[in-house]
């Protein structure tokens, strides 16, 4: 059955399956996706930050907690986007798992992708909302623009989820995913402005960091939270992340079609 003739709402069927599957293992995943980032925020931002936050000039005139929290929000959203895409997609595409079984029904590969992508987006948004609630409870966000930080964080996570989805569906097993987290996630965490201002890096390194997607997510979330956002800067960051998400989605459509309907 082609996509054109498939019944409407097929993607929602796989979306509902994702929630049914999640109900079986939510306790383990919620620790990684929600609890760990919140503990980071409390331990580093509110704890260690009281010891290292004296140089407010280097942080734009704000406390270390106010500087660190929105950066950690973006980094946690990136991590959640990758967690929701890398392992599940590479696992579900293996023989006998959810993807091959689903496309043996009236569902098309694009229905599977759309349903799973919607699930990823909702999960990333939920994780970001939990983080925002704690961040706001600490009194970090005082600008009215902070109301936009939740969609900004969700976009950051989704911008990573889609390219990783496109890659993960091509994997024969889940083992290469460990390499992704070791050589991509960790360096981005450390050098994209989450823990310290990138202006402290050499000029050449600053230009290199500005090319990374997490830097755009960090800057977007931080400037919105602190009320220093500009129209030009926010539009540039949003356009970068949106283009990354769209490119990843289009590549995922092609790869899902190739690998689920060889």
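Here the Cβ of each residue, glycine as well, is placed from N, Cα and C on the backbone.
Since the structure is predicted, the reported quantities are computational estimates derived from the model, not experimental observations.
Summarising the annotation, TrEMBL assigns domain 'ABC transmembrane type-2' to 28-259. Summarising the annotation, TrEMBL assigns transmembrane segment to 30-50, 56-76, 117-139, 145-168, 180-198, 231-252.
Cβ atoms under 8 Å from those of the transmembrane segment (117-139) belong to residues 11-12, 15, 18-19, 22, 33-34, 37-38, 41-42, 45-46, 65, 69-70, 72-73, 76-77, 80-81, 84-85, 146, 149-150, 153-154, 157-158, 161-162, 165, 225, 249, 252 of the same chain, restricted to positions at least 6 beyond its ends. Long-range Cβ contacts of the transmembrane segment (145-168) within its own chain (Cβ-Cβ under 8 Å, at least 6 residues beyond either end) map to 70, 73-74, 76-78, 80-82, 84-87, 89-90, 93, 113, 116-117, 120-121, 124-125, 127-129, 131-132, 136, 177, 180, 213-214, 216-217, 220-221, 223-225, 227, 229, 237-238, 241-242, 244-249, 251-252, 254-255.
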